[in-house]
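The block underneath contains the structure these notes are about, expressed in structure tokens.
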């Protein structure tokens, strides 16, 4: 066997790469025949029956009075609208069946594009990866000479960068210390001792309160009784004294 024949025999069979269709794509003859077949079958099997049923139902609703009619055209606008909606619904319902026919075509760019569109994951997003996975890549185990070049985790970097700043802080941030180290001791103490040394008021009994009210009442009554006597004495002294026509007391 010649070397050229041996090399040709070992070459793997080349698969034809199908490019996805673009905007200016020209369908092949097989694809055109499938288009015509889909158009005919969707009209006869889906659009026409659904459109006819919609028009009949609409005419029945108009005749029974559920739908109003136009004064000029009657029930024609509503029946025509129902027929158009049924036609479009039939075309849309047959779309999935037409796509399955294109997928069965071999060496068809349109069929290949449809098959690629129904894959679960595209090629640029391989399985097993997620956008919420760990950001830090796993570093493989290195030999002893390269062990120091491994990436340090963020937690240790953060602690090494910001761990030394605690020495420069003027006061201590730990909770175990009794007082800050950089703050002076000229802080006014809380008036706890004054509050404790203040005399506590004894509760007043009912008898003591009644006696106090009685004393207050007697003092008020005494003051009221003394005031008329004093006013009468002042009036008598004023009458005994000689006064002028203006009411002024004349001196002897």
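Glycine too: its Cβ is placed from the backbone N, Cα and C atoms.
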Self-check item: Correct range for region 'Disordered' (source Swiss-Prot, candidates 1-21, 22-42)
Solution: 1-21
Quiz prompt | Confidence summary (mean pLDDT) of the domain 'OCIA' (1-112) | solution = 84
